[in-house]
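These features come from TrEMBL:
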type    : residues               : note
DOMAIN  : 5-119                  : domain 'MTTase N-terminal'
BINDING : CYS14, CYS48, CYS82    : [4Fe-4S] cluster 1 binding site
DOMAIN  : 143-376                : domain 'Radical SAM core'
BINDING : CYS157, CYS161, CYS164 : [4Fe-4S] cluster 2 binding site
DOMAIN  : 376-438                : domain 'TRAM'
Amino acid sequence: MTARKKLFLKTYGCQMNVYDSERMAESLKDYDQTDRADEADLILLNTCHIREKAVEKVYSELGRLRDLKDAKPDLKIGVAGCVAQAEGAEIMRRQPLVDLVVGPQSYHRLPELEARARGGEKALDTDFPEEDKFDHLRRRPKAARGPTAFLTVQEGCDKFCAFCVVPYTRGAEVSRPAERVLEEARDLVERGVRDITLLGQNVNAYHGAGPDGDWSLARLIRELARIDGLARLRFTTSHPNDMGDDLIAAFGEEPKLMPYLHLPVQSGSDRILKRMNRGHTAEQYLRLIERIRAARPDVLMSGDFIAGFPEETEEDVRATLDLIEAVNYGFAYTFKYSPRPGTPAAERAQVPEAEMDDRLHRIQALIARQQRAVQDAMVGRDVNVLFEKPGRFPGQMVGRSEHLHAVHVTAEGLEPGVVRHVRITASVTNSLSGELRG
Ligand code: 5AD
Ligand code: SF4
């Protein structure tokens, strides 16, 4: 029997990368994961290309691995994720330490690439193959899981927002067949999962093949909700133009679909939305939220904003602040615009750095106020909490409310995976605390 090897896997970026990393780790059957790079036989960086100087960060991270490789010549180093896709063979040219480069659509080929790298080859795969990579990324049988899990149902994007690199790194929109998703969800539930977040770069455009034609995301959610033992469903990330009537209705009709929706708008200015190639106006976005709230009045909205998109003026920023006021977000994320090579916006007149910082801070301050007020408004209410893990203090358990707020409760006999009624008693910086009700 061969000795087991050790894998150090570092994940950057979005939840989809977290999901991909889990699948990659499971596919490397001769490896156990370690959190110490210095004892690893294989180091894999699962990279993100969405913002900032992602490529340079990867090269400097790789540079720091030189000593480890010198000390242990058998150590193999691999780069996965969106920087791998964007850079391809250039990574191996610029950094000869790298043995393996694998793009997000080729992870099912990782065991073979690892074997080739082990044999002394430089192994590279950044194709966009036709097959479903997750079919080949088999899970280890029946390993127990915590109560929450991500499940990728869709990848890639055809929207081509002018700032975004995703359509280039993750490719065109592809949906996994519905039966595969159902199978994977049933397997997760058998292993202890109670709360599943469906993932996709444009998840609400899901249109996977079903036994009776293509299924929408709403149909998929309705079928998933029939799985006994599954308590909660969420999905992320969505584009406003793909919020179909059936999906909006599902918020009112499907009790397992949680009242939480991440629906990025990026800007509140129609002029900027047009330049971003978003395909909708601020007014259309606000009307859409009205319809969602008509279906489920307590839905908690979340979003993404970009501060300092090229040619953005003070008036545009005010329009964004007005839109945020009108929506009242429970959570939202603001990013400084970062020019991504190869995207149309990178060629345009950039907003000066100091202006960008100022706008970022103003938008963030407004969102922080809203977020806190939405959280504070939970005090005194009874909510359902799905408990996940022990908290920092003895006897304490932490879970999530239906609206995704973290909730701390100190009580006897709470196990991960149980859902209980909790009376919220206090709101602190990033969480709520409460007491069991019955
Ligand atoms: N610059 C800044 N933010 C960006 N995002 C995507 N591309 C860029 C970029 N070039 C943000 C968007 C998106 C989120 C995932 O990242 O807000 O919704
Ligand atoms: Fe990028 Fe999202 Fe726009 Fe697609 S919809 S191009 S993933 S920001």
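Heads up, residue numbers simply count up from 1 along the chain you see.
Cβ coordinates come from backbone N, Cα and C, glycine included.
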Nearest-integer angstrom distance between the alpha carbons (Cα) of CYS157 ([4Fe-4S] cluster 2 binding site) and CYS82 ([4Fe-4S] cluster 1 binding site):
14
Helix, strand or coil for CYS161 ([4Fe-4S] cluster 2 binding site)? Use DSSP.
coil
Compute the centroid of the Cβ atoms of CYS157, CYS161, CYS164, then list the same-chain residues not in that set whose Cβ lies within 8 Å of it, in sequence order, for the [4Fe-4S] cluster 2 site.
LYS159, PHE160, PHE163, VAL165, VAL166, PRO167, GLN201
Check each residue in the chain of CYS82 ([4Fe-4S] cluster 1 binding site) that is at least six apart in sequence and keep those whose C-beta is under 8 Å from its C-beta; list them in sequence order.
GLY13, THR47, CYS48, HIS49, ILE50, ALA54, PRO104, VAL165, VAL166, THR169, ARG170
Do any of the binding-site residues CYS14, CYS48, CYS82 touch ligand 2, in the sense that the CB is under 6 Å from one of its atoms?
none
Give the sequence-ordered list of residues that share a chain with CYS161 ([4Fe-4S] cluster 2 binding site), lie 6 or more positions from it, and have CB atoms under 8 Å from its CB.
GLN266, MET276, ASN277, ARG278
What other residues of the same chain, not counting CYS14, CYS48, CYS82, have a CB atom within 8 A of the CB centroid of the [4Fe-4S] cluster 1 site?
TYR12, GLY13, MET16, ASN17, THR47, HIS49, ILE50, GLY81, THR169
Could you check which of the binding-site residues CYS48, CYS157, CYS161 have their CB within less than 6 A of ligand 1?
none
Tell me the residue counts in helix, strand and coil for the domain 'TRAM' (376-438), as DSSP assigns them.
1 helix, 34 strand, 28 coil
For CYS164 ([4Fe-4S] cluster 2 binding site), the number of other Cβ atoms found within 10 Å of its own Cβ:
22
DSSP helix, strand and coil counts for the domain 'MTTase N-terminal' (5-119)?
58 helix, 25 strand, 32 coil
